């Protein structure tokens, strides 16, 4: 029996996700607690005080002298809690040590809070272990274990009398337990410290009857309180009925050696429980109902009451361990679910185990429903009002984040009894395991594999084979596998480039003709196939590489685990949770009853062969909702073996869900020697313990449950009897089956969810099986969404609607045409053959129960996404080695590798996932806003352009929600150009601007960057769509060049400019000498002449003396002032020894510097702008007009150095002023550094962005006029565009004036003049926009006016104030 009880303690192993004790018999240190390395400590925790507890020799009185009014006096055979303890010195050592003694034990970091364990159970009465004197005769075993002792035995602490129903063991602090279903175990650190008020014992303390009010930071938000209240009301009547089961049901999941009269498992009355019909029970229920709203401050410390209500606290409708929804999301409360349903009914039990008192409980449910509605209407407003008044700060996002972090903290867990299926004897262990399977477990595995594991294969083998007819695509694939795809420009790596090769209709008909198909409207999965054809149409060469083919660089085969052990030393355990909980909380979760407790499915445990360190959270969009998949390192449940996990995985993922294309080994290792899957999964059926821990159901109990449930849905021999059942009895059975997954081995698909079960007999002469009704979803390829006619009509409808919205006058005929198209679309949607929702009716003959419900399948479909995410980030660590830089922000590296065509759908064959979700997932998932897919991704259309470009910049750096690498490519392009320009400028001091530009073009062109990307093997790490987008080599090389620029931008963004320079230099030159020359360039020639400073020359140079005035004006003192002089030297000036040349080379460098600084600013402060939008903003910021305006405001024209001897003021052209500013930027960078340039542009350039955005200066007049004209196009005709004609040319050749007119639809709408044709066209377009009433232009003005009314007022006031200042100055002078 002691061996059986060893499953209730966790042992720790260093460096792994499971605990494992080391050491010999006798006194050993306290069990080390586990804390994952990648979790931060939320609150400072004090280490627990180690103590040795010697239980008293005689049992103490469990009840106080004055019994509690809510309970009956204790019965003579009542089992006290805690059970009496024998003295440690009297009893012999147990035959099996508490933890197996392993050498070289290493202590691990503790949990944030060490778990509290009840005391050691007394030894079993057996011939070798006599009963303890003084113990009551009915005393049995208790399933808890105490941590091993660590010090010599001190005198036992005296037991202090308390006025409570039960006495707590010293291992528990006497505190009120939090609701275990929503909060992780988190004690106050002071609860583990010696109490100052307790002089009798230094190891425990007594708290006041009610705890002090919580701090504001620890209170729950009103939404969470409502969540608790609604959930508690909903399942209020379930906690009591679970105890009143028939005897055979209570004994069902238990080993025979534990079913004895003297064990702890006895009837309800033997436990001292109040009878169900006693009036004190009703009184206690009323008190609990009034008190439960304030249960954080008042909760009975009775442990028995906690056990009685633990199932209600956890919630029957919670089938997954979930975290709260993030800030900004509306949580889906159980109370809201109750209010929205027509008929309220509690969750039903599964597998046809019905309580004999269901009729009485139904009356109580109805009564509870009425009381709930009364309480809700009377007390909700007042209660929530008071809460919100007291705690307004709880609505802040940081509070929600704190609650989420607390929920994600690991909790201590334990396993249920091993029941002789596992042995934890250290002499039986193999390798680094802590548990090894016994012969009894081996027999269970053989039975499971025989009855369930091979059932599908046997059924398929019994059916006649079917060879589908070959199509043109099959023949083409066979030919392409023989002749490999060449890498020239015209070659293709996909056979889908020719549309005539593949006939979708023929492929769909072929799948419909399968003889084993279960129903015409149920779609099934075939390996490597989608619903409309093969998944991969790539050539044999292309299939050997790429993440899209599930080939992750750096992966190696894993040595197989030992099947009959838990391999605790080499596996890392993680608990998987999903947030928000929408669509993962079901009203009929999968529940397993064992040992008079109900274990609810909460998700999956994942066992990895390597620690998942430095891997970000997995985010995925499903049901139009952004989900986050968390994997939290936790203590490992010990009672499992790897073979049991694999048997369950094959049963669920292969036989039930039919995920044939989900490969956890990798295609490269399929033909290699046997290797282990990279992850093992274990379903978590848990019950919450009163002290914040969890009890996880052992794996063998799950397999036994599946074997028990494996029986016919409607047995043939009982069908006549079932048809004679009363209507109520049949409804009970049908309700139990609703949401259950049933399987018909050998069919396609094999498994389906039951939504209704009908027994109507249409032919009185023939008895037919009941009908299974399943509500499914037709694949998009076969519904109206995939119909070519519907798509064409939809496009024409949207186009016409847009034209009418922008038309100045809408004709009645156009309105009728739009209504006709809308009606035609509606008719197509309502066709039975085109509707997405279908109703499937199947005969229940041949269907078998599986024991699982849709919640298990719902969570199982998240696992392929998570495994793909983890494997991809593990292979990115291999990329870190290739580039020589380790990213701290792993999401940034993933973003750099993500092509715009990539979409993370399901982590595997998308049609397989959709089919399995439709067949076995929840019936009616709740969908979010469909805009979530393109909310931050859409960039087409004039309205989208105006909407995005009207957004002002963020004050603080904000992360972008655009999840591809185009923005990083925009930044990386500027970084590459800057690095190239700087190095060329310094390495070739005598080369003019034209030569420098030629060299730079050769380095930064895409063809060369693709070669550098090939050195890093970026094509093996890139994420892009598995389709024809990048099949051609030219397209792939272009994408690789963009990916390389994005990678450089990511290195610059996270690392520094120096890191980007080193990476670029390593890739440019393989030769170390050339690389050294490139990286260590010389100083500027003016700096080489005067290494320290040249300001001593100011005294003898009038030119330099004048430049000191400019230095004082801008507040920057140059170390080498001759650099500033060269920046202001125009190219008309000949060579001189002061400047050693003119400013044309500096202009080349300054342009690249300004591009980089402006690009970085826009990238950081405009997170919602795509690459094209950022380019428009940068063009409005870094252009000749803006640069000339800044140069003029700074007075640079006064300091320009020319060859004019008269020293008369000369009006410089716009281009010349812009060149002066760019040269000054280069001089500032050479003399100082890039930080000075950032500051200069922060002051002189970036504040102008607001004005540019409000005035829409980012859009030049010609582009704006063309956009307005295109909105007025007529359907079915070529769009009219504005035409420009030169009317007149006046003046000499060096000073001509051009007159240009613009025409639209044959009508002149504007005219303009300018010194060049381009400027004259701009003037004509501006004149047309002002005179012609374009609806689009009016819409843009109204949009900006409504959005920024206050900003526009302030801007106009500032402009008027600036215009009045010169006039006031002139008046003062007069």
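Using the three backbone atoms N, Cα and C, a Cβ is placed for every residue, glycine included.
Look at residue 1042 (Mg(2+) 1 binding site): DSSP puts it in a helix. The Mg(2+) 1 binding site annotation in Swiss-Prot covers 969, 1042, 1045.
Annotated Mg(2+) 2 binding site per Swiss-Prot: 1147, 1219, 1222, in sequence order. Within 10 Å of the Cβ of residue 1219 (Mg(2+) 2 binding site) there are 25 other Cβ atoms, across all protein chains.
For 59-68, the entry in Swiss-Prot reads compositional bias 'Polar residues'.
Under the heading compositional bias 'Pro residues', Swiss-Prot lists 70-95 (among others).
What Swiss-Prot records for 145-160 (among others) is compositional bias 'Pro residues'.
Swiss-Prot lists 216-289 (among others) with the feature compositional bias 'Basic and acidic residues'.
According to Swiss-Prot, the feature compositional bias 'Basic and acidic residues' maps to 298-313 (among others).
Per Swiss-Prot, compositional bias 'Basic and acidic residues' is recorded for 364-399 (among others).
Annotated domain 'RNase III 1' per Swiss-Prot: 876-1056, in sequence order.
According to Swiss-Prot, the feature domain 'RNase III 2' maps to 1107-1233. Helix, strand and coil content of the domain 'RNase III 2' (1107-1233), in residues and according to DSSP, is 81 helix, 2 strand, 44 coil.
Taken from Swiss-Prot, the feature domain 'DRBM' covers 1260-1334. As a whole-number mean, the pLDDT of the domain 'DRBM' (1260-1334) in this prediction is 85.
Residues annotated as region 'Disordered' in Swiss-Prot: 1-95 (among others).
Residues or ranges marked as region 'Disordered' in Swiss-Prot: 130-406 (among others).
Taken from Swiss-Prot, the feature region 'Disordered' applies to 452-497 (among others).
According to Swiss-Prot, the site 'Important for activity' annotation covers 1215. Long-range Cβ neighbours of residue 1215 (site 'Important for activity') (same chain, at least 6 residues apart, Cβ-Cβ under 8 Å): 1184, 1188.
Here the Cβ of residue 1222 (Mg(2+) 2 binding site) has 25 other Cβ atoms within 10 Å, regardless of which shown protein chain they belong to. If you measure from the Cα atom of residue 1219 (Mg(2+) 2 binding site) to that of residue 1045 (Mg(2+) 1 binding site), you get 28 Å. Taking CA atoms as the reference points, residue 1045 (Mg(2+) 1 binding site) and residue 1147 (Mg(2+) 2 binding site) are 24 Å apart. Of the chain residues outside the Mg(2+) 1 site list 969, 1042, 1045, 965, 966, 968, 970, 972, 973, 1041, 1043, 1044, 1046, 1049 have their Cβ within 8 Å of the site's Cβ mean position. Sequence-distant neighbours of residue 1147 (Mg(2+) 2 binding site) (same chain, 6+ apart, CB under 8 A from its CB) are 993, 1219, 1222, 1223, 1226. Secondary structure at residue 969 (Mg(2+) 1 binding site), taken from DSSP and collapsed to helix, strand or coil, is helix.
DSSP assignment over the domain 'DRBM' (1260-1334) gives 25 helix, 24 strand, 26 coil.
Counting every protein chain shown, the number of other Cβ atoms lying within 10 Å of the Cβ of residue 969 (Mg(2+) 1 binding site) is 22. Taking Cβ-Cβ distances under 8 Å and a sequence separation of 6 or more, the neighbours of residue 1042 (Mg(2+) 1 binding site) in its chain are 899, 965, 966, 969, 1006. Take the CB of residue 1045 (Mg(2+) 1 binding site) and look out to 10 A: across all protein chains shown you find 27 other CB atoms. Other than the site residues 1147, 1219, 1222, same-chain residues with C-beta atoms no more than 8 angstroms from the centre of those residues' C-beta atoms, the Mg(2+) 2 site, are 1143, 1144, 1146, 1148, 1150, 1151, 1218, 1220, 1221, 1223, 1226.
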